[in-house]
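Trainee: Sharing a structure, written as structure tokens. Questions coming.
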């Protein structure tokens, strides 16, 4: 009985210490340390990206509903061409390792696969709307978050903490509230001709988006933003051109061109071009997972615009969903995500572009103190050695003097 009682007492003490530690953290919580300008800037830029996705959705909706134009590959071809003209041209003008010839010589097949993944991710999600409902697309599209976290853990060595998983669950609860509002408003639109195929396309698209975003984060943080956009623009243009000619030549020939259709195509291309150009900046400030969490509000922005443009019915759950997703996003970014490096002492330190660690000031001060202590101890040992040597010399001199007097 005595060992069992001691184990119970130790468990009670450990639980009591944990609860006291939690209460101590709550009491010492400082909102200013969490709600920083860096977080506000990341939040604002993420919502700006969500607004751009909203612009692409509205322009595509107008093309499909008002003008009966359904050419997703042609729309993708336009923004890939803009990326190619801008960033691939910059690589052509580059020198040294940043020149396009050097990049293609070393990594051309990697960027070819990345361009193929990116093009097919855009195509699959648009194609899914022809076979399944809007609700299925909104729900299954969130599959990109767990796949992205898994790939970040494996490829980027990101080590998420429990608060990050809680934040993701909060964001998914917000998406659930949005889908519930759609169902209550009767907006379960879309085709049901082949739900299994449509849902499979959404899951494939989410997985491909996750692969593309992880590659984007790695390239932006280790190489350069211009290289990523230039290579994606180059191979995306080639792949989308081939796929457009094979799959959409009849639809493109049947378009009754007008200035409204041209304006909508231009709006879609500019929104996607701006999205691709700005997204690497936000990814470098935070992470691909955080950016995708912020993009969950894009559907809400589209719904808000649809209330005025397409006479959608409004529900208060939309606002609740927006607040929940923003709370989850802030929670995710409030705690930094450490990475697993070989040296555990430097695991949480950011890495410079040349591969070195940016040590915090306190850590630098500790290093300086250690160096000074080593220097002082070394000088002390040298001084002691010199004093011992002088004593030996003086002792030898006294012995010599004594011998000379005896003789």
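From the backbone N, Cα and C atoms, a Cβ is placed for every residue, glycine too.
Annotations for this protein, taken from TrEMBL, read as follows:
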TRANSMEM  34-58  transmembrane segment
TRANSMEM  78-96  transmembrane segment
TRANSMEM  137-156  transmembrane segment
TRANSMEM  163-183  transmembrane segment
TRANSMEM  195-214  transmembrane segment
TRANSMEM  226-245  transmembrane segment
TRANSMEM  257-276  transmembrane segment
TRANSMEM  288-310  transmembrane segment
TRANSMEM  316-335  transmembrane segment
REGION    383-407  region 'Disordered'
COMPBIAS  383-401  compositional bias 'Basic and acidic residues'
Trainee: Should anything in the same chain at least six residues away from the transmembrane segment (288-310) have a Cβ under 8 Å from its Cβ atoms, list it; otherwise answer none.
Mentor: 42-43, 46-47, 49-51, 53-54, 57-58, 61, 65, 138, 142, 144-145, 148-149, 152, 158, 167-168, 171, 174-175, 178, 182, 209, 213-214, 216-217, 279, 282, 318, 321-322, 325-326, 328-329, 332-333, 337
Trainee: Do the transmembrane segment (163-183) and the transmembrane segment (316-335) come together with 3 or more C-beta pairs under 8 Å, pairs six or more apart in sequence?
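Mentor: Between the transmembrane segment (316-335) and the transmembrane segment (163-183), which are separate recorded stretches, there is contact, as judged by 3 or more close Cβ pairs.
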Trainee: Which residues, given as numbers and ranges, are at least 6 beyond the ends of the transmembrane segment (257-276) yet have a Cβ under 8 Å from it?
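Mentor: Tertiary neighbours of the transmembrane segment (257-276) are 49, 52-53, 55-56, 59-60, 62-63, 66-67, 69, 74-76, 78-79, 82-83, 86, 229, 232.
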Trainee: Is the transmembrane segment (195-214) packed against any residues at least 6 beyond its ends, judged by a Cβ distance under 8 Å, and which are they?
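Mentor: The answer is 114, 117-118, 120-122, 124-125, 127-133, 136-137, 140-144, 147-148, 151-152, 155-156, 283, 288, 291-292.
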Trainee: Other than its close neighbours in sequence, what residues sit by the transmembrane segment (34-58), given a CB gap under 8 Å and a spacing of at least six beyond its ends?
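Mentor: That would be 267-268, 271-272, 274-275, 278-279, 281-282, 285-286, 290-291, 293-299, 301-302, 305-306, 309, 326, 329-330, 333-334.
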